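Below you'll find the structure I mean.
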Amino acid sequence: MANQTFMKVLSNKELIKDVYEMVVEGDTSAITTPGQFVNIKLNKYQEPYLRRPMSICDYDDHTLTMIYKVVGTGTKLLSEIRPGHKMDMLTGLGNGFVYQNERSALLIGGGLGLPPLYKLAKELLKKDVEVKLVVGFASKKDAFYLEEFQQLCPVYVATMDGTLGTKGTVIDAINEYNLSYEHYYACGPLPMLKALAKFDEQHGSLSYEARMGCGFGACMGCSMEMKDGSSKRVCLEGPVFASSEVKIDG
Amino acid sequence: MANLHIVLPGLDLKNPVMPASGTFGYGQEFKEFYDLNKLGSISIKGTTREKRYGNPLPRIAEGPAGLLNAIGLQNPGVEHVVQYELPELAKIFNGKVLGNMGGHSFEDYVETAAILSKAENVGALELNISCPNVKEGGMQFGTDPATAARVTREVKAVSSKPVYVKLSPNVTDIVAMAKAVEEAGADGISMINTLVGMRFDLKTGRPIIANKTGGYSGPAILPIALRMVYQVSQAVDIPVIGMGGISSGRDAIEMMIAGASAVEVGCANLIDPYACPKIIEEMNDWLDEMGIDDIHDIIGLSHKY
């Protein structure tokens, strides 16, 4: 259930150029599963107007960690926020990754889609699931959080320019290392999610992103048409959908 | 505590604040946040004769103090709304609601109005003749006075409830539109819908919204809405429900001073799910500060100027 709360910024540090890790402290009780998200009002003014939806990298009973890239005015403002600042956040939004009773899981991240897989990896490991991560970046200079993941599970990297790991996509890395799994969980850009749904339609959970007006189902700004003709909101029924229910084309 | 009670055709409002159509769904998404019975009424997500999937994504962009949207009247169709959404809403909101509806032909409007007006908890219809985001219609009915008058007349003939016509600001003379629908029998006017706008991606030059154009709303349009409500409310004898960028009690009071008999709050619900109850509280505080003990005393207070 969604909750509005004010959270205190504990740290906000640059991991690599333009990619930041922010830790905030406060009421995290509304967050129940990895893959849920928060929606942040950056200041009390009308500019920037919309909240900024943000994935949750990690959380415990009083803190949560987010990783974001500075891509526009909103994330630029976010990067300038200092520890001690209290942020107006809607938390516990959306439906996260649901454990499918698999014994082995492959986590697949693309760029800034990587963060929510971190808490997922921790939770799956608690259930004694065998976890592997494959992550794709544009280039070596874009890679982040690899050491953090390596402390949890085997990590396979793909870069489009071949400067780190497999040259190519996450699917190229899966094929190169012949990575097996009973279920896969993916978060990343739309082309990656579509490619994965084609690659294995039956055994995946895909986390989508969309431009959102509200983040809690009111505006219908992020509705996606599903394979069966129904429509689902990325913010409310999603952001995680079964690979078997999403439209691969269109 | 001032008296906030307002009675309008089909609507008995304990206070003059209603969430605007399209920013509140059919109420279910807000019941987690607060008791909907705090609201004066609710304008439901606009419905149409047939189910509409809506526009492709992206449907949302942002501007200075505003939101550009092109949802495309996504809704499950009037029959589903009457059979399912409105009874579900009745479980969480005791009052009558505004049945917002759109269409793309006269027949569409008439058939939808006939069905929607029969719903028990619909107090009045709100005729959307001003949606900028559906290709074949909506707005075309709201930009020509003769067409707007005809759709109003035809809907009035079949509706068992009072009819408010929601006007578009995308016209040269909104007063002419208002007079036309008043003469055609409208029981009230609600205004304004969104202003047509665009944003572009700098790298590609492509419009950010998949529909290319969208409707702009939010605090940025408040002065435009105030001006139009000021003009229209003096030109017609039917009540005006004012909306456009209201995000505080102060804004709502100002809208009523401009001439609105009640207000709708749109975008603000999306930024702050508690916006409406906060606005109601703030209105009370403002009226106390102004030494006003009945909200009727501020409606059209500006008209002497």
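Each residue, glycine too, has its Cβ placed from N, Cα and C.
Pasting the relevant annotations from TrEMBL:
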- B:C131: active site, nucleophile (ACT_SITE)
- B:S21, B:K45, B:G46, B:N100, B:N128, B:K166, B:I192, B:G218, B:G244, B:G245: FMN binding site (BINDING)
- B:K45, B:N69, B:A70, B:I71, B:G72, B:L73, B:N128, B:N193, B:T194: substrate binding site (BINDING)
- B:5-286: domain 'Dihydroorotate dehydrogenase catalytic' (DOMAIN)
Would you kindly give the Cα-Cα distance separating B:T194 (substrate binding site) and B:N128 (FMN binding site), rounded to the nearest Å?
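Distance (Cα to Cα, whole Å): 11 Å.
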So which one is it: of the binding-site residues B:G46, B:G72, B:G244, which has the fewest other Cβ atoms within 10 Å?
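Looking at the binding-site residues B:G46, B:G72, B:G244, the Cβ with the fewest others within 10 Å is that of B:G72.
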Calculate the distance in Å between the alpha carbons (Cα) of B:G244 (FMN binding site) and B:T194 (substrate binding site), and round it to a whole number.
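Between the Cα atoms of B:G244 (FMN binding site) and B:T194 (substrate binding site), the distance comes to 8 Å.
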Cα within 10 Å of B:S21 (FMN binding site): which of the binding-site residues B:K45, B:A70, B:G72, B:T194 qualify?
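Of everything listed, what lies within 10 Å of B:S21 (FMN binding site) (Cα to Cα) is B:K45.
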Are there residues of the same chain, six or more positions away from B:I192 (FMN binding site), whose CB falls under 8 angstroms from its CB, and which are they?
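Looking at Cβ-Cβ distances below 8 Å from B:I192 (FMN binding site), excluding near sequence neighbours, one finds B:S130, B:L167, B:S168, B:P169, B:I174, B:I221, B:I224, B:A225, B:M228, B:V229, B:M243, B:G244.
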How far is it from B:A70 (substrate binding site) to B:G46 (FMN binding site), counting Cα to Cα, in Å?
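Taking the Cα atoms only, B:A70 (substrate binding site) lies 13 Å from B:G46 (FMN binding site).
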Quick one: Cα separation, B:G72 (substrate binding site) versus B:G46 (FMN binding site), in Å?
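About 10 Å separates the two Cα atoms.
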